[in-house]
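Enquirer: Got a structure for you, questions after.
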Amino acid sequence: MASTDEPAAASGDSTARARQAEAIVNHAEHSISEDAIVAAARERAVDIGAGAVTPAVGALLCVLAKLTGAKAVVEVGTGAGVSGLWLLSGMREDGVLTTIDVEPEHQRIAKQAFSEAGVGPGRTRLISGRAQEVLTRLADESYDLVFIDAAPADQPQFVVEGVRLLRPGGAIVVHRAALGGRAGDASAKDSEVSAVREAARLIAEDERLTPVLIPLGDGLLAAARD
């Protein structure tokens, strides 16, 4: 006969695992230190109301850029340049970051951050415009890393374009892939959640891609292309 204590024990184990997972993520998020230039860019991001990746997400972007030997990178969502600085720190010294943002003011501020970091003008290509239009003008299989930090509603379209841009051996990274956990909540049906799930489906069903969901920031969906 099953013990009546089993459901309570199972619930307790689940709660303990959830707390442990939260503690691990919290430790990861606070284990990365940023230099003064990135910290200043982060402060400017707050001033202009532009989102910025967490230090742990930035460090992961740096690692992915190093692992892919990234020479050509596309970023959707320049913001104040925080993620761009992290990407550049992991790219090859002759690498070029193409970063797209619809807000010219964001790009002006990001350009300041890049200059403060000693990044030469030839290493960045800042394009002001709608990513929906800009991405379609970029060449197929010409980029080592694509980073998408955009509104959830735009993720499916940007994933399609981003995968098209990837060279074999490259990687695509989608920020805000968890929406604070809502993306994994079966009861959540709103348009943002639906769009994020569609982006994840597109990646999961592409046989050329090997994906992983990483619980940093607001969730990162990363995938390597064969």
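The backbone N, Cα and C atoms fix where each Cβ goes, and this holds for glycine too.
According to Swiss-Prot, the protein carries these features:
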BINDING   VAL53, GLU75, GLY77, THR78, SER83, ASP101, VAL102  S-adenosyl-L-methionine binding site
BINDING   ASP149  substrate binding site
Enquirer: Count the other Cβ atoms sitting within 10 Å of the Cβ of THR78 (S-adenosyl-L-methionine binding site), across every protein chain shown.
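Expert: Around THR78 (S-adenosyl-L-methionine binding site), other Cβ atoms within 10 Å: 28.
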Enquirer: In which DSSP state, out of helix, strand and coil, do we find SER83 (S-adenosyl-L-methionine binding site)?
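Expert: Assignment for SER83 (S-adenosyl-L-methionine binding site) reads helix.
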Enquirer: Near the Cβ of VAL102 (S-adenosyl-L-methionine binding site), how many other Cβ atoms are there if near means within 10 Å?
Expert: 17
Enquirer: Sort out the sequence-distant neighbours of GLU75 (S-adenosyl-L-methionine binding site) for me: same chain, 6+ apart, CB within less than 8 Å of its CB, listed by position.
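Expert: Long-range Cβ contacts: SER83, GLY84, LEU87, LEU97, THR98, THR99, ILE100, VAL146, PHE147, ASP149.
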